[in-house]
């Protein structure tokens with residue numbers, strides 16, 4: 001059966017007879033990200049459980065098939081049992097199905113058809129070739145899997161992985177050596193079966209990691225009923241229903257056999273669940289190779305349990321296959337180790353140092369961030385940053401264009417340099433970013449937008465800007481204002497007056513002071529923004545040098561395109577009447593020429609999970625600890641929930657401790673945990689925010705600086721951070737190690753220093769040169 005994985009070809013090897021290849025459901029495979037982020041120990045555990053269940057079900061299938069050779073109906077039972085198991089999980093609330101569009105449902109139907117077609121082709125081909133020949137040709141499935149990934153997804157592997165396929169396949173050939181008989185048609189159908197099996201594995205991979213992004217259990221929940229119905233049709237067509245009646249009449253279904261069927265069905269359900277999870281953590285190619293190893297283990301079971309006779313050649317082949325699999329694993333580990341290391345690019349567009357830049361540097365250094373890079377430093381670039389905010393667009397783009405394609409999956413954290421503080425470690429931001437991507441894409445899926453295309457670009461979200469409570473520049477006619485996506489915050493988040501005026505408004509407009517996203521998507525988006533600057537720049541426009549204006553225009557164009565796709569067109573709103581002539585004032589759309597890209601995967605951090613702005617938000621923010629003491633926190637006016645009822649988020653509680661190694665023992669405070677620190681909390685969303693952006697009232701930079709948890713120990717923490725900068729790793733999230741990006745130009749060398757920064761031209765800027773002059777104010781009591 002192919003579990004929906006395990007093949008009864010193994011049963012045939014042990015009993016030297018039979019034709020049909022039993023399968024339960026299609027296996028899933030995981031995207032590279034899952035493979036790279038999963039520890040070897042976890043993979044081995046899942047693979048061991050998978051192999052044990054697989055072999056157990058093979059033995060159970062053999063027992064059942066000896067008494068009632070009804071392979072299609074056995075597959076129906078497996079699929080039906082899996083359906084019942086998944087329905088039970090849904091009914092008990094342990095599985096919550098996603099909302100799918102009609103197109104996505106059609107994809108699932110097509111996938112189930114691929115599954116049943118794969119079974120049918122395998123079964124027909126088995127009648128036209130000998131079992132040993134069938135097994136040898138099926139052992140090339142890993143090769144087909146590699147070819148699909150290479151051609152369709154441009155995925156590469158270690159040379160060792162390619163070479164390891166040779167002993168893996170040759171070993172199976174030796175282990176199953178026998179009478180090699182085949183017809184031309186049989187050869188073609190068997191080869192087609194190999195291709196279909198590989199396509200099925202890759203397709204299930206894409207269902208879990210591509211546009212559908214379904215959880216493994218949800219695939220089973222949706223696929224099993226379809227597979228059961230389709231296989232039932234095949235059973236009827238092949239005459240198995242009449243054979244079932246005959247078997248029943250002959251008394252085959254006695255109590256003992258019924259118990260065996262129940263055990264078989266439960267094992268099939270467990271194998272289906274485990275096989276999908278195993279594919280997710282180990283990957284499609286590993287599962288394909290595991291199938292070859294399983295053939296050898298099945299032979300070994302046949303020797304032990306059923307006295308199947310094998311030659312020395314068979315035994316040597318088994319050893320060669322296992323050795324090849326081990327060699328492949330070693331190569332995969334090398335590949336994974338390379339891909340489990342990424343860079344965090346902390347970009348602070350800045351032209352010169354001042355007290356507020358040094359506050360950001362100090363907060364970032366103490367919180368464990370890498371030394372930042374200053375695009376546009378010292379006025380360098382297309383625009384002089386001292387005169388135009390457009391340098392933030394042009395010089396950030398210039399930096400992103402220097403990065404090779406190998407850095408496309410790195411993460412960029414772009415912050416305004418003079419009114420932001422970093423409050424929590426990088427791992428909190430990175431882990432929340434990953435969660436935000438999933439949640440945001442789910443909202444797109446609920447709107448039937450996720451995975452659809454606009455101008456050949458797939459709709460998804462990967463770039464997050466900070467969110468404002470008002471649209472600025474404040475021309476209500478702009479699409480950036482009237483077409484802004486609705487916020488996912490609850491309707492009355494700010495009380496009965498929510499959205500009645502600015503202060504109690506839910507944030508839904510772009511603030512360009514904080515941005516996070518992957519290198520490739522950020523590069524594309526900045527290219528699109530620069531193109532927008534060239535198209536609409538107007539010397540007479542008051543806000544012509546505002547970077548926020550152009551970013552908003554890009555987002556406005558994206559939202560208009562998404563709106564048109566979702567609603568079947570765009571209805572321009574009437575925003576009022578012209579007082580001079582009474583004519584209606586309509587909203588306008590951005591200037592985007594036909595054929596130009598509009599989809600840039602942009603959305604906002606509506607819930608302040610990473611970025612917290614202060615404009616019209618100050619009265620909803622508190623600085624508090626989570627050690628069940630609220631006397632130091634000011635309760636927001638009219639807010640009913642007691643502060644000591646709030647729980648410290650798990651991602652903060654388990655983050656690197658606030659006082660790490662190197663802190664002078666004689667000045668260490670009694671508190672070591674994040675729960676004891678004064679942290680900023682958004683009382684509406686109940687989030688502890690990692691990045692604080694002081695929009696609006698800039699006096700908060702002076703008023704609230706002493707509130708930060710590290711302020712009383714700032715000087716000692718800075719010294720410790722600089723002295724113990726013995727590694728460039730700044731975070732470890734889901735198995736991926738994140739290091740700080742540096743600029744290597746003109747002979748400059750990256751290091752593990754802390755406290756300083758890098759210019760975008762490769763010049764290392766030391767703390768003392770940037771901020772020594774401001775230390776009295778930075779560390780003032």
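Note: Cβ is positioned from N, Cα and C throughout, glycine not excepted.
Please treat TrEMBL annotations as automatic predictions, because they have not gone through curation.
Here TrEMBL gives transmembrane segment for one range in the set 182-199, 200-217, 344-361: that range is 182-199. When TrEMBL is compared with the stretches 105-129, 130-154, the one noted as transmembrane segment is 105-129. Of the given residue ranges 7-23, 24-40, 160-176, TrEMBL assigns the label transmembrane segment to 160-176. Against the transmembrane segment (219-237), stretch 70-93 shows more Cβ pairs under 8 Å than any other of 70-93, 105-129, 160-176. Most Cβ pairs within less than 8 Å of the transmembrane segment (297-327), among stretches 44-64, 160-176, 257-276, belong to 160-176.
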